[in-house]
Amino acid sequence: MATLEDSFLADLDDLSDNEAELDESEGDDAKKDEEDIDMDMADLETLNYDDLDSVSKLQKSQRYLDIMQKVEEALGKESDGTEKGTVLEDDPEYKLIVDCNQLSVDIENEIAIVHNFIRDKYRLKFQELESLVNHPIDYARVVKKIGNETDLTLVDLEGLLPSAIIMVVSVTALTTKGSPLPEDVLQKTLEACDRALELDSARKKVLDFVESKMGSIAPNLSAIVGSAVAAKLMGTAGGLSALAKMPACNVQVLGHKRKNLAGFSSATSQLRVGYLEQTEIFQSTPPALKSRAGRILAAKSTLAARVDATRGDPSGTNGKALREEIRKKIEKWQEPPPARQPKPLPVPDSEPKKRRGGRRLRKMKERYAVTDMRKLANRMAFGTPEESSLGDGLGEGYGMLGQAGSNRLRISSVPSKLKINPTIAKKLKERNYAGGATTSGLTSSLAFTPVQGIELCNPQQALGLGSGTQSTYFSESGTFSKLKKI
């Protein structure tokens with residue numbers, strides 16, 4: 001019977017054996033990768049960029065020839081579609097469509113390779129042309145049309161490029177520093193142009209075949225964007241499954257061509273919309289709403305592609321419903337905003353509002369009430385001019401004040417309803433002098449006499465106040481009195 005130590009040692013031996021096997025497998029993989037890298041480097045070294053056949057090999061491949069032959073046969077037969085009752089994935093026609101989608105992507109890549117070959121060769125003649133004409137097929141047509149001609153006024157580019165681009169190309173050709181190409185280089189360049197045009201023709205033929213089968217392959221997508229645009233979207237994306245996995249923001253720019261404005265304003269340039277701008281919905285949308293229409297078209301097309309990829313609705317009813325939804329939304333955008341409705345006044349309260357009452361409120365009202373004087377000042381008599389503070393109607397007007405019969409301002413003495421505080425009334429009473437007579441503030445104890453000059457006299461004696469305690473203060477016979485202490 002094995003002990004615990006023996007079992008541990010056996011596990012360690014197994015682990016060491018596994019590590020050795022892993023090291024050997026990793027070493028074999030590294031050797032294989034090195035061999036692949038060496039083979040790739042050898043292919044790059046043997047690649048001749050002067051030979052077009054060594055760069056572009058798609059047209060001579062057996063896969064290209066077989067697919068194109070099947071496409072031509074299918075287009076010649078003009079079949080009505082797939083047979084009823086067969087599963088879509090098992091249908092040979094569907095497999096041909098999938099192969100056509102993949103082939104269209106390969107053709108696009110091949111056109112890009114040939115375009116680079118043409119640019120490298122023709123750069124010696126007209127280097128600025130590649131920045132003025134960005135599209136590969138247009139570039140190949142222009143190069144084939146110009147050739148080695150130095151005077152572009154003799155070359156008719158009408159129909160190949162817009163008139164504005166033709167003018168810029170003609171002006172730029174006068175200042176270019178390029179030189180005519182040798183005869184052999186020019187011949188290779190023209191052959192590359194012909195090959196690019198042939199590849200473009202084959203791509204169009206493949207798309208025509210896919211377009212003719214879109215009604216049975218992607219009925220919902222075709223109901224929204226049309227068969228032609230659906231075929232182009234599937235061909236560029238690489239199949240219906242690849243299109244269904246693509247987000248809507250990428251579907252919107254599928255097939256977008258970069259356009260050179262050649263110094264012109266970008267205000268009138270088209271939006272970043274690819275094949276979707278060829279749809280009937282997009283074309284009928286006003287220019288101000290085309291950006292929003294492109295986004296909603298891309299979103300609904302992605303949903304329809306996902307329905308078609310899962311075969312959720314072979315009849316295309318879902319696609320027609322989505323198309324109707326898009327149409328209603330665009331019509332809703334074009335409706336004018338609703339007119340501003342007049343706001344009615346609130347319903348008046350039938351019940352009187354609660355008002356505060358009491359002695360305090362009544363006194364406050366009496367304190368701030370409009371007096372009779374103010375009422376007269378606010379009134380004006382008809383046909384009688386009012387008096388003012390500055391005269392002649394200047395200053396503050398007095399209204400009907402003073403117009404009761406005399407020319408003076410008269411204030412009617414109306415007893416105030418406000419009661420004076422007893423404490424304040426008592427203090428005011430104590431401030432008054434005793435008796436009815438009061439001493440004028442202009443009287444003085446100093447008198448000016450012709451005998452003594454300034455003489456201090458008793459002002460109360462002049463007023464006839466001889467009695468009282470104050471009469472002995474200024475008396476001639478009065479003496480100081482002495483009070484006895486008790």
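Keep in mind that glycine also has a Cβ here, set from the backbone N, Cα and C atoms.
Among the features that TrEMBL reports, compositional bias 'Low complexity' is placed at 1-10. What TrEMBL records for 11-27 is compositional bias 'Acidic residues'. Here TrEMBL flags 335-349 as compositional bias 'Pro residues'. The compositional bias 'Basic residues' feature in TrEMBL is assigned to 353-362. The feature domain 'Nop' is assigned by TrEMBL to 217-335. Sequence annotations record features per position, and here TrEMBL assigns region 'Disordered' to 1-36, 330-362.
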Give residue numbers and ranges for long-range contacts of the compositional bias 'Basic residues' (353-362): same chain, 6 or more residues beyond its ends, CB-CB under 8 A.
none
Tally of residues which DSSP labels helix, strand or coil - the domain 'Nop' (217-335):
79 helix, 0 strand, 40 coil
Work out, from DSSP, the number of helix, strand and coil residues along the compositional bias 'Basic residues' (353-362).
4 helix, 0 strand, 6 coil
Which value does the mean pLDDT take for the domain 'Nop' (217-335) in this predicted structure?
83
